[in-house]
Amino acid sequence: MDHFELKDGSLFAEDVPVAEIATAVGTPVYIYSLATLERHARVFREALSVLPRIKLAYAVKSNPNLAVLRALARQGYGADVVSEGELHRALAAGIPAGEIVFSGVGKTRRELSVAVASRIGQFNLESEEEGVELSQIAAEMGRRAPCALRVNPDVDAGTHAKISTGKAENKFGVAYDRAEDIYARLATLPGLDMRGLAVHIGSQISDLEPSRRAFTKMGDLMRRLRARGLSVTNMDLGGGLGVPYKQGEVLPGPDAYAAMVHDVTQDWDATIMFEPGRVITGNSGVLVTEVVRVKEGVTHPWVVVDAAMNDLARPALYDAWHDFAAVRPNGRTITANIVGPICESADTFAMARTIDEVKAGDLAVFRTAGAYGATMANTYNSRALVPEAMVNGDKWAIVANRIEPETIHHAERVPGWLK
Ligand code: LLP
């Protein structure tokens with residue numbers, strides 16, 4: 001469910017014509033719908049409210065735009081951050097430090113220190129080594145850092161290999177069989193307040209059974225730790241719930257997910273944390289593009305658009321599907337390949353797909369681009385960094401300027417010895 005709909009034959013974002021923003025800002029441009037964002041935030045929270053004690057930490061990585069973070073802060077969401085940059089964004093958006101959890105296998109000494117100084121709510125330790133380092137840092141600063149140990153449950157989430165994180169061969173967390181001893185050791189160190197466990201098995205999860213298996217294993221581990229007299233009050237179950245990318249596709253939604261979690265965790269007596277990303281932001285955004293030209297092909301025409309893999313990397317990286325729709329559909333369809341202008345064949349959005357008929361100069365959107373869209377953009381082929389706009393009812397605003405190639409070009413230097 002989103003607020004991008006046809007009205008009188010033309011695509012609107014809430015009450016604003018998509019074409020109005022495209023004309024004012026230029027293309028490609030991301031458009032986010034505040035009403036959609038707020039709706040998803042509310043639906044997720046309401047679904048999880050069947051559990052007695054929850055904490056919601058929005059996964060900043062899915063869309064770190066400040067306006068998006070501010071909208072979620074207003075909904076009472078905390079933040080799951082993975083870098084100093086994301087930490088600063090979350091704080092700048094008004095998310096209280098105590099509601100911020102820091103994940104990631106490669107937190108640097110500097111990042112750990114900054115996060116301790118900021119008094120964040122939780123460190124999700126991904127290794128014993130990281131715990132030892134944080135213990136030293138926090139103890140030197142006279143602090144006790146609240147920590148959870150991230151465990152790798154060796155469960156296959158059944159998602160794309162590049163976004164699967166819970167198998168033994170993935171780099172995340174500590175091995176399940178070692179977790180008990182590592183937790184016990186870290187609990188003895190100064191500067192650490194070991195209070196729980198964390199798990200995250202992957203992203204775009206479309207089957208709840210792997211999550212059920214992983215959470216069940218985490219519950220068993222929690223009970224074993226408690227039996228050893230160790231305190232476990234917080235259980236972080238990560239993010240990962242998938243969203244439909246194809247029209248008509250049906251995935252388990254927040255209610256089914258909440259029912260599964262409730263079933264597994266009913267006797268846990270712990271605060272349960274979630275780190276949703278895509279399920280909040282995915283459907284809240286579209287990428288607007290203009291058709292540059294339609295080029296004759298061998299089997300199908302090539303629809304060459306002005307957005308490319310640098311603006312929306314997901315199809316090139318994960319063979320991801322994003323629905324494509326004309327902003328002013330004429331009712332006819334064609335079967336075509338949709339590609340960007342970048343000089344490599346990975347710059348392909350779709351092959352042999354039946355789409356709205358489009359011609360040069362027409363506007364179109366890639367849907368469900370609010371998560372892992374603009375945030376993964378880059379400037380390959382010396383293209384601009386894509387701008388972002390947000391709609392709120394009949395109002396809209398630019399929430400990220402286009403960074404022109406000249407700005408990047410001017411940041412570069414030719415050393416004197418090359419002149
Ligand atoms: N928590 C942790 C520790 C994570 O690593 C992630 C995502 C999340 C939460 C949020 O997951 P979500 O609810 O959004 O599925 N670029 C890829 C997705 C990478 C996800 C990385 N980790 C894509 O475009 O599909």
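The backbone N, Cα and C atoms fix where each Cβ goes, and this holds for glycine too.
Since this is a predicted model, take the numbers as computed values, not measurements.
Listed in TrEMBL for this protein:
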| type | residues | note |
| --- | --- | --- |
| DOMAIN | 36-281 | domain 'Orn/DAP/Arg decarboxylase 2 N-terminal' |
| MOD_RES | LYS61 | N6-(pyridoxal phosphate)lysine |
| BINDING | GLY240, GLU275, PRO276, GLY277, ARG278, TYR372 | pyridoxal 5'-phosphate binding site |
| BINDING | ARG278, ARG314, TYR318, GLU344, TYR372 | substrate binding site |
| ACT_SITE | CYS343 | active site, proton donor |
Over all shown protein chains, what is the count of other CB atoms within 10 A of the CB belonging to GLU275 (pyridoxal 5'-phosphate binding site)? 26
For the binding-site residues TYR318, TYR372, work out the Cβ neighbour count at 10 Å and name the residue with the minimum. TYR318
ARG278 (pyridoxal 5'-phosphate binding site) to CYS343 (active site, proton donor) - Cα separation in whole Å: 29
C-alpha spacing of the residue listed as 'N6-(pyridoxal phosphate)lysine' relative to PRO276 (pyridoxal 5'-phosphate binding site), in angstrom: 10
Residue among the binding-site residues GLY240, PRO276, GLY277 whose Cβ has the most other Cβ atoms within 10 Å: GLY240
Could you tell me the mean pLDDT the prediction assigns to the domain 'Orn/DAP/Arg decarboxylase 2 N-terminal' (36-281)? 97
C-alpha of CYS343 (active site, proton donor) to C-alpha of TYR372 (pyridoxal 5'-phosphate binding site): distance in Å? 22
Among GLY240, GLU275, GLY277, ARG314, TYR318, i.e. the binding-site residues, the one with its Cα nearest that of LYS61 (N6-(pyridoxal phosphate)lysine) is GLY277
Cα-Cα separation of GLU344 (substrate binding site) and TYR372 (pyridoxal 5'-phosphate binding site), in Å? 21
Reported as an integer number of Å, what is the Cα distance between GLU275 (pyridoxal 5'-phosphate binding site) and TYR318 (substrate binding site)? 22
Hits among ARG278, CYS343, GLU344, i.e. recorded positions with CB under 6 Å from ligand 1, come out as ARG278
Whole-number Å value for how far ARG314 (substrate binding site) lies from GLY277 (pyridoxal 5'-phosphate binding site) (Cα to Cα): 15
Pyridoxal 5'-phosphate binding residues GLY240, GLU275, PRO276, GLY277, ARG278, TYR372: largest Cα-Cα distance, in Å and rounded to whole number: 15
Taking only the Cα atoms, work out how far ARG314 (substrate binding site) lies from GLY240 (pyridoxal 5'-phosphate binding site), in Å, as a whole number. 16
Here the 10 Å Cβ neighbour count for LYS61 (N6-(pyridoxal phosphate)lysine) comes out at 22
